[in-house]
Amino acid sequence: MPPLVSIRDLRVAFNGVPVLRGVDIVLQRGEALGLVGESGSGKSVTWLAALGLLPRHAHVTGSVQLEGREILGAPAAELDHVRGGRIAMIFQDPASALNPVLTIRKQLCEALALHRDLQGSAVKTEARRLLELVGIPDAARRLEAYPHEFSGGQIQRIMIAMALAGNPDLLIADEPTTALDATIQAQILELLSTVRRELGIAMVLISHDLGVVAENCDRVAVMYAGRIVEDAPSNQLFADPVHPYAQGLIGALPPLDGPRRRLTAIPGTVPDPAQMPSGCAFAPRCALAAEPCGLAAPSLAPIANDRSVACIRAEASRRALLGIAAE
Amino acid sequence: MGRYFAIRIGRAALTIVLVVTFAFVVLRLSGDPALMILGPEAPPEVLAAFRKAWGLDDPIWFQYLDYFGAIARGELGRSMRDGRPAIELVLERIPATLALTLPAFVFKVALGIPAGIYAALHRGSGIDRAVMMTAVAGFTVPSFVLALVLVLVFAVQLGWLPSGGQDSWRHAILPIATLSLGGAAVLARFTRSAMLEVLGQPYIRTASAKGVPWRKVVTSHALPNAAIPTVTILGFMVGTLMAGAVVVESVFAWPGVGRLLVVAVANRDLAVVQCILLLVAMTMVTSNLVVDFLYGFLDPRLRSKGAHA
């Protein structure tokens, strides 16, 4: 049986400037994958490109298969069926994610009408059920309200309800809690994982917050400058990051338990997409960079049966980490 | 909602008072009507009699109060030129003006809005650039220049259409074309930028991401939002229906309100000028009120703000 989603060598360029430089992701049914990286590393672009949601001037190549069927460049009608019906997506900014001039009912029922075979009052009943499912009180009345009458957290709940309307197999949550207060963040993440568990859908959680990803995902892919640099089960990545960039990210997190240690920062900044260094994009910031790092960009290669990393210094990097840990 | 409109109606009334006052002051300051109408050679006693007959020798504040009192009673004065009620003179010109401005309005909307939407949806395409270049040309070229070019081409060179007058429907074609092209250009540019603004909003991406076909994203998500700013400029265009044709009517010798205004100003025919200004101000103010009402209808955010206010 083919994986739910299989992305191979996905590349995106805006006006000739490459922003995604060969991304490979395989996602199984029901799996929760975290996608982390700095802003501009290509986390959102990967999925916007996969669903054909990028503006026309974006040049997209590679392959995106949904259960073995190619959807990249598929006809509009087929993509419309996939979007919302097979793969749903929710976005970062709740304030502007819903159409301000349409009621919640119109926007929810629109999704239901598109992807579910429901007629007449059944549509509204289902819309109400979805709102109740995501925890909007007084759902029947609130259906007639407009987006500006809800708080950011409530909007995000409605977005989740709308995403679930099409009974998707995969939910892409693009920084779903970034714009929310800390307490609301926890509630939304809780809701996402409940929904995922109960409905058995796969989820991709895009975030720059490692903690959020660690708690909610089985597996994490770390992105840097338009590439995946490390892909590992969550617990292993956090215990034993191999790629120097992943090490840097985790080294910058304060540990909640264990002895106090000095937090490390990654020197330098992300390279400008228009002026990518030849070879490994992280090399200019990498403490372990050696001469061969500047020659060719390393490809994502397996280092264990469920882990892969894109670094020719992976072994040295691992030893260095263990060395630090032994001190 | 009630307060929202009470405030706006109050403002509208104030606007009309200000316009009328402004007209009164400017016209009184800009020359002696007696001299303008009777000529500088008129004997002093004739001039004095004329001033007395029209109340021009009263103190200016008295004239002003008198004038307001008359307006409140619905008396808009008589033309100093032929003694007929000013309102009559103006009203009989309105059909001629509307015969130009109404069809022009329809053409502006029918041409400008679809062109703007199309350009926005095909941003950067050859057609977009062509529409925008035409639009820039359309609103940078003053209407009298456009009118003269049209006359030169279609009346003088080709001889297809008359260059002026009001004898048949063919006489209306060039004035209507002049008015339509400029307005359509403004509207196309405006609609295009309103659409582009809306198409870049996250909720458009949300709609696409939930599988709404693009055509429907445009019609049921983008257009209702783009309509909000576009209504503003439409309201302004409705407001100019009465007097927007001053230049065009003059160029084409079309006997409408605009031409009457030019003649009345040149002659210091105070009552007629004031009557026209009042009419224009009222059309403007009314269309602004309608726009405010439409905002409330189009934008639920304003509706509830009004309710809470």
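Cβ atoms here come from the backbone N, Cα and C positions, even for glycine.
Annotations in TrEMBL come from automatic prediction, not curation.
Straight from TrEMBL, the features:
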type	residues	note
TRANSMEM	B:12-31	transmembrane segment
DOMAIN	B:94-295	domain 'ABC transmembrane type-1'
TRANSMEM	B:98-121	transmembrane segment
TRANSMEM	B:133-160	transmembrane segment
TRANSMEM	B:172-190	transmembrane segment
TRANSMEM	B:226-251	transmembrane segment
TRANSMEM	B:271-295	transmembrane segment
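Among the stretches B:12-31, B:133-160, B:172-190, B:226-251, B:271-295, the one making the largest number of Cβ pairs under 8 Å with the transmembrane segment (B:98-121) is B:172-190. Only pairs six or more apart in sequence are counted, and the transmembrane segment (B:271-295) with the transmembrane segment (B:12-31) gives three or more Cβ pairs under 8 Å, enough to call it a contact.
Beyond its flanks by at least six residues, the transmembrane segment (B:226-251) meets 94, 97-98, 100-102, 105, 108-109, 113, 117, 142-144, 147-148, 151, 164, 175, 178-179, 183, 186-187, 190-191, 194-195, 197-198, 257-259, 261-262, 276, 279-280, 283-288, 290-291, 294-295, 298-299 of its own chain at Cβ-Cβ distances under 8 Å.
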